[in-house]
Amino acid sequence: MDVLGWLLLPLLLLCTQPHHGARAMNDIGDYVGSNLEISWLPNLDGLMEGYARNFRPGIGGPPVNVALALEVASIDHISEANMEYTMTVFLHQSWRDSRLSYNHTNETLGLDSRFVDKLWLPDTFIVNAKSAWFHDVTVENKLIRLQPDGVILYSIRITSTVACDMDLAKYPMDEQECMLDLESYGYSSEDIVYYWSENQEQIHGLDRLQLAQFTITSYRFTTELMNFKSAGQFPRLSLHFQLRRNRGVYIIQSYMPSVLLVAMSWVSFWISQAAVPARVSLGITTVLTMTTLMVSARSSLPRASAIKALDVYFWICYVFVFAALVEYAFAHFNADYRKKRKAKVKVTKPRAEMDVRNAIVLFSLSAAGVSQELAISRRQGRVPGNLMGSYRSVEVEAKKEGGSRPGGPGGIRSRLKPIDADTIDIYARAVFPAAFAAVNIIYWAAYTM
């Protein structure tokens, strides 16, 4: 009997379980299927009866006042090449539509985002946007709230790529001002008036943003009326924010390599003049590396006509690197010229001495012959004039031979002595660093003040 009881117990449990599950489902079905009404909810169908969403509130009367507020979620990308930035914002708009007011409760209604399609909305657009899109994951990122007096709060999440005119003359020591312009596309100031919300004293989220290349230093709000001859005046609200470029990454990636390349080119001043391959290869390598650095740095920038501060510094470094190569060419030319001049002096000096000796011997022989002929002529009582002329000509020729020796004290070449190559290197070791330091002081003072 006990064994039979234990066998029947599971069967009894299986029989009773469906009964409880069915009862639970019936309870849920009763709750869902019941015609439940909340007493304070307004009758939306009654509010929307006769509502014309194609016409603004109070048409024919004063313009609709629309309050705007912004909350910045992120600034994703800032491009100097395209002169644009990408920003994700929450745009809050608030206005009063008396057609939707209700008075039997003071509660604010939070409505489904699909209800937006039934309402009149301001046709706000971003004037300087290149592209924009709404977010719809997991549902459309829209919020709509209705207050008893008919005030509607409409909030949407937008990501937009916005144009920003940049002045890159001081790049990368520059500061840029970018704007986000909001305006009505079709309604003029006679139909709609925009103003910044009273709560918009600061932009939430903007002070917490961490950008890779920039720091947001300040921002401000402006309101103006844009006058179009063909359409009238349109209200425009603008957000201006200042961006200061972070210079640290550029000092590491551009300025420091340039300085090191210039310093590397000075190493050749301590290399011997005889080591021609070493000095030439070092000079050419630094010049080519500097060229590569200039090209790579300019690849991410727009091809603007303005000369940027980074370009100026690159060219300063390029001139110093190239000047170091030219210095070796000049020093090597002087060293080679001195060697050739010394070799020429060694060859011409014995020849000049031999010419002088020959002239002296010739002069002596000529003088002896003339003296002998003079003695004979005196005995005969006559002195021919051609003998005296030849005597003088031989004497003058001998003097010329003696005074026109190459390299004599009165020669022009003796006064134009070439500078020693080692002396040029010694001067370059001091002049190049001093000149580079002076140019850097002028450069940084001009672009940072």
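Yeah, the Cβs are placed from backbone N, Cα and C, and that goes for glycine too.
Annotated signal peptide per Swiss-Prot: 1-24, in sequence order, evidence recorded as sequence analysis.
Marked as topological domain 'Extracellular' by Swiss-Prot on the basis of a curator's inference: 25-251 (among others).
The N-linked glycosylation site annotation in Swiss-Prot covers Asn103 (among others) and is backed by sequence analysis. Sequence-distant neighbours of Asn103 (N-linked glycosylation site) (same chain, 6+ residues apart, CB-CB distance under 8 A): Pro148.
Using a 10 Å radius centred on the Cβ of Asn106 (N-linked glycosylation site) and all shown protein chains, the other Cβ atoms total 10. Annotation comment: Swiss-Prot describes Asn106 (among others) as N-linked glycosylation site, evidence class sequence analysis.
In the three-state DSSP assignment, the secondary structure recorded for Cys164 (disulfide bond) is coil. Annotated disulfide bond per Swiss-Prot: Cys164-Cys178, in sequence order, evidence recorded as similarity to another entry.
Within its own chain, the transmembrane segment (252-271) is flanked in space by residues 172, 278-279, 282-283, 286, 289-290, 293, 297, 310, 313-314, 317, 320-321, 324-325, 327-328, 425, 428-429, 432-433, 436, which lie at least six positions past its ends and keep a Cβ under 8 Å from the stretch. What Swiss-Prot records for 252-271 (among others) is transmembrane segment, and it gives similarity to another entry as the kind of evidence.
Remote same-chain residues near the topological domain 'Cytoplasmic' (272-275) are listed as 331-332, 335, 421-422, 425 (criterion: CB distance under 8 Å, separation of at least six residues from the stretch ends). Taken from Swiss-Prot, the feature topological domain 'Cytoplasmic' applies to 272-275 (among others).
The transmembrane segment annotation in Swiss-Prot covers 276-298 (among others).
What Swiss-Prot records for 299-308 (among others) is topological domain 'Extracellular'.
Per Swiss-Prot, the feature transmembrane segment maps to 309-331 (among others).
Feature annotation from Swiss-Prot assigns topological domain 'Cytoplasmic' to 332-423 (among others).
The phosphoserine annotation in Swiss-Prot covers Ser390 and is backed by a large-scale study or a structure entry.
The feature transmembrane segment is assigned by Swiss-Prot to 424-446 (among others), with similarity to another entry given as support.
Once Cβ contacts within 10 Å are tallied over all protein chains shown, the disulfide-bonded residues Cys164, Cys178 are led by Cys178. According to its DSSP assignment, Asn106 (N-linked glycosylation site) is coil. Between the C-alpha atoms of Cys178 (disulfide bond) and Asn106 (N-linked glycosylation site), the distance comes to 42 Å.
Across the structure, Asn106 (N-linked glycosylation site) and Cys164 (disulfide bond) place their CA atoms 45 angstrom apart.
According to DSSP, Cys178 (disulfide bond) is assigned to a strand segment.
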